[in-house]
Structure formats: structure tokens, C-alpha cells
Amino acid sequence: MFDGYDSCSEESTSSSSSEDSEDEVMPSIPASLPIIKNNGQVYTYPDGKAGMATCEMCGMVGVRDAFYSKTKRFCSVSCSRSYSSNSKKASILARLQGKPPTKKAKVLQKQPLMAKLAAYAQYQASQQNQAKSKAVVPAESFDWGRYICSNDTVGAPVSCFKHAPMGTCWGGIEEGVRLEVPNSDTNLSTKVYWIAEIIKLAGFKALLRYEGFDSDTSKDYWCDLCVPEVHPVGWCASSGKPLIPPKTIQHKYSNWKAVLVKRLTGAKTLPPDFNTKVQENLQFPFKKLMRVEVVDKNYLCRTRVALVEQVIGGRLRLVYEESQDGSDDFWCHMYSPLIHNIGWSRSIGHRFKRSDFTKKMEGQVDAPALHFQKVKDVDQSGDWFKDGMKIEAIDPLNLSAICVATVRKVLADGYLMIGIDGSEAVDGSDWFCYHGTSPSIYPVGFCEINNIELTPSRGYTKLPFKWFDYLRETGSIAAPVKLFTKEIPNHGFRQGMKLEAVDLMEPRLVCVATVTRIVHRLLRIHFDGWEDEYDQWVDCESPDLYPVGWCQLTGYQLQPPASQSTRDLPQSVPKQKKKAQQYKGQKKKRKIPVGRRPFSQTGRRRSSFSGDEEQSPPPYPAQGPSRPRPRPRTHLHQTHKSEPLLRMKEDPAEVDEFTFSQGTSDQESNGSGSYYIKQEP
């Protein structure tokens, strides 16, 4: 395992002695440029600006800066003069015949041709690698390591995110695991490695300490464990790479091999196929131009056909099929419950907007049904949700609130259309679809039992809100508790953990976030730097949550925490504590820090994911007396175009292809019944 250590030490010693005995004084070498050693001579890379040059007279290749004249056409004065002399033809003929240049053609930079060409090729390769890395990691990348250390926080483990790369095979990667990583604490020109220990883990990021530093933290650094430069112990020996101790501790022990053998015996390291698994996990089934059905961001009650335009880390940028310029798009994860295979809406009776777009692009194909997240099978033959049943549900247009809601339509395959009480449009255009097993719907009394603020129906004045009184006054019944899923996985999240989370009100943004509360499988996500009113309730298995370092690994842009100066809050008005059981109306508009886009602020009802002003779709079948005037709610998405937040549409209302179908079913309860609430007589 440690043969590379001895061989590299001997090589570096011989090279040093050879350099000391060299008679010719070598030019100064910039520290930033790598070095090639060949037969005792040192050759540097070109500076990248000047590059290499070829003498038009003798054909000698050299560093451009060392050539003669401003044009850098000749390697010496003699070549410049000979070019115009009578010996021009003879010199060119000699060069073509492979004869060496004359003594007069003395090149200022005395370097062998092959060494220079090798140096230049190696330099170009390094430049290309740097360009690739810059393309993956944004220029204004967020320093997670510094942020975690300065706030003394922890990152959620990768194993908490089953949908993320390596989420199911992170295994025993923990503090104390040893790795082989590049050694940056060295004066050697070649790339060498050393053993490092994981001191702290935060998602894909790890705080590493070189072996031998013990309690010395001076050379600790944060590293992404999924980069190709990180290897299990033993990789250097099998690959013929040198293991060299850092120069800071090089003389700490006289026999490093014995020290490593003693310390690494019985220590854990990465699996031998770790890097292969990383690459496999970064492959995704969805490809560009695949067709899917996705929720209409303008009308939550229906779906539309969209094309996959971009795939980043499993997140899809979908462009609606009717979009001419590609700006009418929607971001979501490939496992999102908002996307489905073509034909899904017809199969369950969900409203669907028929596309008028007839011209298909070459390469378009319907995404296979196997690519989509599966839902649990339910039995609707017995007791099941019925129209008019009351529940509590997360409002998809105001994810910080759990609201009083009603089952409006029962669809096939266990799907339900839900409406928020007091906020619905008469035509049902803001109903939204949840599956009966969705973790975003809850039985009556869930919020009271778990000390969560419940948002009552808009306009309901009998506060504090009591479910018993509300059911009696509205003549409604509560959905049976046994119909709701009570499965609580061992998700591993803890309060205060850091992660990267999608701002579902603007789903193209992934932001620095914190888990501030955990209620069974429900997580309260706070966006760092923003007020609590922008928090979101998210399920622990939501595909919109990612480990620390996910953005850097996949090349997605991470939104850093907002600074105090970027928040649109009056400094003179202190932040007021929220009052229980009180409708708060619409959120305040906020400014954009580092690319964040503002929410729309308007007094009108909002029934869409976008900032577009909605058209009135065809009405649903009558559902009894009309509801009170709906409350305004923030939208979920903004387009990329620079235009007003609200646009008036003059197009005629589209005709939906399909309407709702009815159905009933039953689902057994496997819970403890903790959702029950005491009913007052």
C-alpha cells in the first residue's frame, strides 16, 4: 500500500541533487505554473497568454516570449536575417529533409522540442479541466463549509434523501472514515496524495484532516466526497500514485510507513466502487423532448402536455407544448406528484387541456410510465372519501399554512380534488389534486393535537376555531381518520439541520434552508435569511429537499441566504408575533437577493402557479351555494422573461377535453388513532 511513498521520496531526492549540480542557471518559475522534469532540466508551461511559437526559418518550437522581434516569427537574429538571404531555400530544404538547424539559428530558449510540446499539451489539458469545472460550479458559489462552521450547525445526512444521488447507498460513510485525497501541503510539482480523516459530515460535504495532524486544525478543509479526486485507502498503491506526507508534518515521524500501518489497521474507508456508483447515480431516465402531463401553472385544476427541455440532477425544466419561444416553463423533480405519463388525466378523470399544437419536433417521444413515481394502490370499493368531507390540507399556493379544506371530487385510482374553504373560485378553477395517501392531507384535529396553527375558512369569525362548531354550522362531516396514511418513516431529520430546499413558490430556485420543526413526517422548512412567514411545510420524503452540496454536485445554481439589507421590511416597524386562528391575507412582497424573484402582490384572487392573470376556465358541475369571495394567495412560479408580474390575457377560454368522474374506495387504517380530536357535545 505504501510503496508509492518510498519511490516518490527517492525520486524527489534524486531530482533535487540533479538540479543542484546543474551549471546553467534556470530562469525563475512562477509558482502558479506546474513543472516538468526531464533529465535534470526544468521546463515550465507557457503562461497561457503568449503560448508557443515556431520559427519560420529553422522550424524550432519554443516559448513565444523568447522569440525575436515584435512579430515573434523567428527564434533568433540569425534566423531573421537568413530568411531573406540566399540561403533561405537551402535552409528550408534542410528542414524538410530532417537535418538539424545550423549553429547560427541559436534558440534563446534551450529546451528539447518534445519536452516543450509535452508541456504545452499538458498545459492545454489543465486549462480545459479548469474550464469544465467552472462550467459545473457557479462563479459565485456558496461556501457551505464556512457557513456551517461559523453557525455551529450540522447538515442533514445524505441517507435522509432517498431520491438524491447516492441517497440509497451512502451506507457507512461517517466521521472517522479514512480517504486518499490530493496533498495540497507540498512543494512537489507532481500531484501526490495523502491519507485524510473525515472530521465532520454535512450532506455531500466533509471536513477533512490530513493523517498525522492529530488535533492540529490548521490544514483542515472542506471537500465534496463525490468528486473524482477522493478515493478509498489503497487506491494509490493499486494505481501507482505516490503517498507523500504534508510538508508541515513531514519530519514528525521517521518511519511514516509504520505509523500508517498502525493507524489504518481496522479503520473504515470508502467502498472500492464508490466513484463508479456516483457516476451511475448521476444518470437520469428522463431525456430532452420527452412528453409528459404536468399541472397547469395557470389553473391548478387541470393538466397540460409539456416537453422536457432540461434535466439537472433529476430536476426537470418542462416547457408547455403550446409555448412558441420556450419561455412558458415549469420546474419540478422527476419524482414530483405534479407530473404524470401521457394519458394519466384521461385514465382517472382529471381535467386536461387539449393542446392545439399539431406540429411535433423531431425526436419527441412520450415518457414511459415506468419513469414516474408510483402511488400506493387503494381499494375504493368500500369506505372511502366522499364529496363534501372536511379535512385539513397544506395549501399548495401558501405552503406555510395548513388550512380547513373540503374534498370536492373523488377521482379514480385514489385521487381527490381538494378545495380550501373560503378561498375557492365558484367554477372550481383553483381546486388541486392530492392522492388519498398523500402526506399533505390530514384528518380533522391534526393541527390541534400537534400544536400547529390551523388557518380557518376566510371570513369565519367565530374564533378560536373549533372543528365541532364548524362541522355543525356547515352541516358537514369529517373524513374518517382511518382513511389517512399514518406511516412515519425513520427519516433521520433533526431540528436545526441544514439542507438545500426548493422554494416551491418559485420552483426554479433551490435555497439554503433549515429544518426548524418536525411533526411526525412533516418538516417545517425555513429559508435562511428570510422571515418565518416564508416557511414551508414539506413531507420528509419530498423530492424537493436535497443534501448540502447537491447543487455543486449537479451543477444547479444555489441561492445563498438573504442578507438583512436585501429584505423588503421597514426598519422602523418591529416584527409582530402571529396571532392564532386569524387570517393574515396575502404575503408581503419581497425583494430579490442574488437572483430571487419577487412574489406577485395584488388584491385579486390567485388560483395559479404563475404570475399570469388567469382566464376563467369552463365551470365545473354545480356544488351548491357559491362560496364567499376568495382570499388572495401567492403564486408558485414566475416566467424568466422581463415583463410585468401580471399580464392580461385576451385569448378565449380553452375547452377542456375531459371532465371529472366519480368513484369510491376503501383503505384500511394502520395507525394508532392519534389523529383523533375530542368532540364537544
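Using the three backbone atoms N, Cα and C, a Cβ is placed for every residue, glycine included.
Here TrEMBL flags 1-18 as compositional bias 'Low complexity'.
Residues or ranges marked as compositional bias 'Basic residues' by TrEMBL: 575-594 (among others).
Annotation source TrEMBL lists compositional bias 'Basic residues' at 628-639 (among others).
The compositional bias 'Basic and acidic residues' annotation in TrEMBL covers 640-652.
TrEMBL lists 659-673 with the feature compositional bias 'Polar residues'.
What TrEMBL records for 46-81 is domain 'FCS-type'. The average per-residue pLDDT of the prediction over the domain 'FCS-type' (46-81) is 65, rounded to a whole number.
The region 'Disordered' annotation in TrEMBL covers 1-31 (among others).
Taken from TrEMBL, the feature region 'Disordered' covers 561-681 (among others).
Per TrEMBL, repeat 'MBT' is recorded for 142-246 (among others).
Residues of the repeat 'MBT' (254-350) grouped by DSSP class, helix first, strand second and coil last, total 22 helix, 31 strand, 44 coil. The repeat 'MBT' annotation in TrEMBL covers 254-350 (among others).
As annotated by TrEMBL, repeat 'MBT' applies to 352-457 (among others). Across the range of the repeat 'MBT' (352-457), the DSSP-based residue counts are 10 helix, 38 strand, 58 coil.
The repeat 'MBT' annotation in TrEMBL covers 465-561 (among others).
Residue counts of the repeat 'MBT' (142-246) by helix, strand and coil are 16 helix, 28 strand, 61 coil (DSSP-based).
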